Amino acid sequence: MDEEELTAQETALYDRQIRVWGVDAQRRLSKSHVLVSGMSGTIAEFCKNIVLAGVGRLTLMDDRVFSEQSLLANFLIPPDASEHCGRSLAEICCDSLKEFNLMVRVSVEKGDLSSFDAEFFDKFDVVVIAGCSLTIKKAINEKCRKRPKRIAFYAVDCRDSCGEIFVDLQSYTYLKQKGEDTFEHNMQYPSLVDSIAVPWRSLPRKATKLYFAMRVIERFEVAQSLRPGETSAADIPSVLELKKELCKVQSVNESHIPDRLLERLLTHPREHPAVCAIIGGILGQEVIKAISCKGDPLKNFFYFDAADGKGIIEAIADYVSS
Amino acid sequence: MASGKELEVIKGSKVLMVGAGGIGCELLKTLALSGFEDIHIIDMDTIEVSNLNRQFLFRQSHVGQSKARVAREAVLKFRPHINITAYHANVKDPDFNVDFFKQFNVVLNGLDNLDARRHVNRLCLAADVPLVESGTTGFLGQVTVHIKGKTECYECQPKPAPKTYPVCTITSTPSKFVHCIVWAKDLLFAKLFGDRNQDNDLNVLSTDANDLSKQTEDVFERRSDEDLDQYGRRIYDHVFGYNIEMALANEETWKNRNRPKPIYIEDVFSQKQAKQNGIADQNCGSENSGISAMSSLGLKNPQDVWSLFENTRVFLEALKLFFEKREKEVGSVTFDKDDQLAVEFVTAAANIRAASFGIPLHSLFESKGIAGNIVHAVATTNAIIAGLIVIEAIKVLQNDADNYRMTYCVEHPLKKMLLMPVEPFEPNKSCYVCSETPLSLEVNTNHSKLRDFVEKVVKKKLGMNCPLIMVGSTLLYEVGDDLDEAMVANYEANLEKVLAELPVPVASGTMVSVEDLQQELTCTINIKHREEFDEDEPDEMVLVGWSQPVATEKEDKSVSNGGEGTSDAAGKLKTNDNLDETEIVPTSEIVSVVGSKRKLSELSNTDVKEVISTVSSVHSSAHQMEEINDDEDDVVMLDENPEQAKKKR
C-alpha cells in the first residue's frame, strides 16, 4: 500500500467519511478510476455519490443529446435546451459533476461502448452500465472478465418504482470483520451469462419475483430489438405470452411472475426519482466497498421495489453449478 | 412511475422540510425531481467545509452562508419553475407556531438533534399534520411516519439517554480515553478559557507547604509577575502533577486500580526546551485558517499519535497562543470542534492525562471526533434515506394508510434485506405527549425549588420551550414578551421558593399543570413528596410515566459529553452536538413496541443473535423479532425484549 498521506485539504473535506471507512479506504478511493455508461437518473445519483466520496477519476459515456426525457430524473442536466446546443448528455453531466468535488477528475469518452475492444477496459477499476440491452450487458461483462486485472462490473436497471443491480467482482478478496477479528475472505462471482442461466426451478421459492420479471422483459426487448425501457402498455399481451412460455420451459408455475408486476414495469418504464436515489445510493456504497476492500459486498443481485419498500439481496450466484 | 393521479397530488401539495443538511440536501433534490412544486425549508445553520463531502448542493465558495438559502438556489438551477421558500431560522422560533404548521400537507424532518425533533413532533401533533421523521449515522438510517391518532408519535418510545459519566470517573479515576477528553474539555479547557466563575469540579486549590498564605489561591489566576511560559508550566504541574499526587494520597481509591503516575514538566521538558517551543516556524500558521499550535510546532498529520513530549509541547504552545493571540476571548470561549486551537489543546491535555493513567494515547483526528461528538456521515446513506422519505411522503399525501412503513437501512443484511420495512406502531396509550397521560413526580417539596422543577423537569425532561405552570387556577410561572414588570418579579421570586412554600403550596397530591403555548402541549403532573433520594438520583426528582431515556452503558451520571446520544455501528456510544451539521439516528423506536398487540413468535437463538448484532448497531439494546411468514407480504417486526420491559416501570 502506498504510504502517501492525504493532504490537509482532503482530510478537512473527507473528515466525516474517513470516520466511517478510515484513511486507507480514502486513499484507495482517490487512486481508483470508474467508468459509467448511460446517463440515467440512477447513474446521475451514483456519480454524485462517488464524486463526493472522492474517487480519483470518473469517465462518463453517453453520446445521446439533450431531450425533455433525459432530464426527468437527472439533476445534473440544466433544463434550458438552448444551453446544450449539440452537446452530449455525458458532456452536460460532466460539467455539473466537476463542481461537486474539485479533487476528482471527471471526463467524457465518446463512442459506442460495445464497439470498444477489451483492452479499453484495462484502465478502469470499476465499470458501471445502465440502459443497456441484455446482449450488450453480457458482452461488456465478458470483456471485463477476460482482462488480466480484476475489473468490477455492475449493471443497473430502473423501471417504474423498481430497480435492479447486478454485481460481478470476479474473484474478490477483502478484509472481513467478524466481531473483533478481521480476516481475509474470498468471494467468487459468476458472470451475468452464468447467473441468468440458473434454472428457475432450482432457485428458492421465495426468491424475489422482480428477478424473474426482469428476465422476461429483457428477453422480450432483445427479441424485439428494443432499447431497455422502450416498451409500452401495448406490449403487455406479447410479454404475458412470453412469460407463459418461459414458465413452461423452466417448469415453474406462472404465479411465479405476477401479471400485475409485468404490467407495472412495461407501462411506466420511466425512472422514479426516489428510486433512483435509493438504487444510486446502494450502488455507490457497493462500489466504494469494492474499491476500498472494506465491508461485505453484496452478491450478486439487489432489488428495490417502492411498492413493498424492501431492499433485497438475491444471491443467484449460490445456485450456479460450477 | 408517477401515475397521473399521483402527480396531481404531488403538484397540489405544500410541504415543509426541517433541516437542509446531509439528509436535507438530498431530500430537497429528490422532492424537486419528483414533481413537488411548493416546498418550504427551515435551517438555522451555515455551511462548513466538513459538510461538502455529502451536502452536494453546497460549494467551497458557500462556506459561511445559510444552508436553507443556498440549497434553494442550487435546486432552482435544475428546477427553475417550482416554489421553494427558505428560512434561515431556528424551527423553535415563535414564528413557526401551530398556525404556520397547519398550512402544510406533510412535514419532513432531516434534523440532527433530539430537542428540535421533539419540538417539531409536538407542533405536528398540535396542528394535526403528518410527520415523516428520519436519521442517519454512517451506513445506518431510518425513516418513520407519525400520524396523530394512527401511528405512534416521535416521543411514544424512549430515546437514548445522553452519554454521561460519574464525576469521580472524570476527576479522579479515568479508565478510558473518552474520560480524559471530557476532563480536558469540560473541566480544564472550560476553567482556563471559559467562564472562571462557573462551577467546576477541577481542583483549583493548591496547598503549598512552603507558603501557607497561598493555600486558598486559585492556581488558575495568572500571577502578575509571571510570563506565559511560567504560567503554562505552573498549570501543567498543577493539573498533571500536583492533582495526581493529591488523588494518590487517597489509598482507598487505588486498592483495585492501577495507580496513576504524576507528570511534572521538568520530567518531560526542560526549561530551555520550553523557551524554544514554537519558535521554529512561527510564521507558517497562516494557511490553516488562523492560529494553530500544530503549525507553529511543525506538526502536520492530524492522524499521527503524538508522544508525551509532543503533547506537552502542543499543550504549552496552545495555551500560550490562546493568551497571546486570542486574549479578548479568554473568559468566554466555549469548546467548538471547528476551533483548531481548542481541539489541539484538548487533544494534548487529554493525552497527557491518559499517559498519566496508562491509557493509550490518541491522534488529533480521533480526539476531535470524541470531543466534538462528531457523528459519522456519508452521502449514500443520506441519499437512500431521502428517497425513502419521499416514498412515504407520497403515500401520506394519498392517504394510503395501509401502506405506511417505517424503514431501516442497515449495514449488514438482515433476512437478505438492506432496506427493511416495518409496519408503523400504534400510538403508545401512556405517552404524555400524544395521549396526554398524567405524569407523576417524586420530589422533596420542602427542599426542591420551583427553579429546579422548571429547569430539570419542565425544560430538560419534558422538552418545553416556553412553559406556563399552574396549580388550580393560580399561575406560578410563565415566560413571554407581554408580561408586566410586577408579574416578572413575582415569577422570579417564585423560582427561588421551595415547592411547599409557593403561593399555592405544592405538596403530596397536588396536581400541577404545565403547558407550552407554542407547542400547544399540556401535561398534568401529580406530585408525590419523598424525603430521601439515592446517589443515582442526583436531580432529587424522579419523573414517573415519562419515557426514561435508555441508558446504553452503566455509567450514567452527572458529567455529560455533549448532547444526546446515539450508538454507532460497533455499539459504542457516541454523543451528538446540538448544532452539529450531521444527523443522528434517533434510535430506539425499534427497541420496544408498547401499544402494539403483536405477539412474540418463537425464535431460534441464531435469529435473535442476528437481529441483535445487526440492529443493535442502530439501537441500543436487545430485542426480538417476528417474521410473519406470508409470501407476498413478509414484514419484519421487532418486539420488546421481556427483560427490558421489566426494567421499565
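All residue numbers here begin at 1 and follow the chain in the order shown.
Backbone N, Cα and C atoms are what each Cβ position is placed from, and that goes for glycine too.
Here's what TrEMBL has on this protein:
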type	residues	note
BINDING	B:19-24, B:D43, B:51-54, B:K67, B:112-117	ATP binding site
BINDING	B:C153, B:C156, B:C431, B:C434	Zn(2+) binding site
DOMAIN	B:6-432	domain 'THIF-type NAD/FAD binding fold'
DOMAIN	B:314-368	domain 'Ubiquitin-activating enzyme SCCH'
REGION	B:550-575	region 'Disordered'
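Taking the features listed in TrEMBL, we show where each one sits on the structure.
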| residue | record | DSSP (3 states) |
| --- | --- | --- |
| B:G19 | ATP binding site | coil |
| B:D43 | ATP binding site | coil |
| B:N53 | ATP binding site | coil |
| B:D112 | ATP binding site | coil |
| B:C153 | Zn(2+) binding site | coil |
| B:C431 | Zn(2+) binding site | coil |
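In sequence order, B:L125, B:E152, B:Y154, B:E155, B:P427, B:N428, B:V433, B:S435 are the same-chain residues whose CB sits within 8 A of the CB centroid of B:C153, B:C156, B:C431, B:C434, the residues recorded for Zn(2+) being left out.
Counting every protein chain shown, 26 other Cβ atoms lie within 10 Å of the Cβ of B:C156 (Zn(2+) binding site).
Those binding-site residues from B:D43, B:N53, B:D112, B:D115, B:C156, B:C431 lying by chain A, with Cβ under 8 Å from one of its Cβ atoms, are B:N53.
Residues of the domain 'Ubiquitin-activating enzyme SCCH' (B:314-368) grouped by DSSP class, helix first, strand second and coil last, total 34 helix, 0 strand, 21 coil. Around the Cβ of B:C434 (Zn(2+) binding site), the same chain contributes B:L125, B:K148, B:G149, B:E152, B:C153, B:E155, B:C156, B:P427, B:N428, each under 8 angstroms and 6 or more positions distant in sequence. Neighbour density for B:C431 (Zn(2+) binding site): within 10 A of its CB lie 21 other CB atoms from the protein chains shown. Of all Cβ atoms in the shown protein chains, 24 besides its own fall within 10 Å of the Cβ of B:N53 (ATP binding site). Straight-line distance linking the Cα atoms of B:D112 (ATP binding site) and B:C431 (Zn(2+) binding site), rounded to a whole number, equals 23 Å. B:D43 (ATP binding site) sits 28 Å from B:C431 (Zn(2+) binding site), taking the Cα positions as reference.
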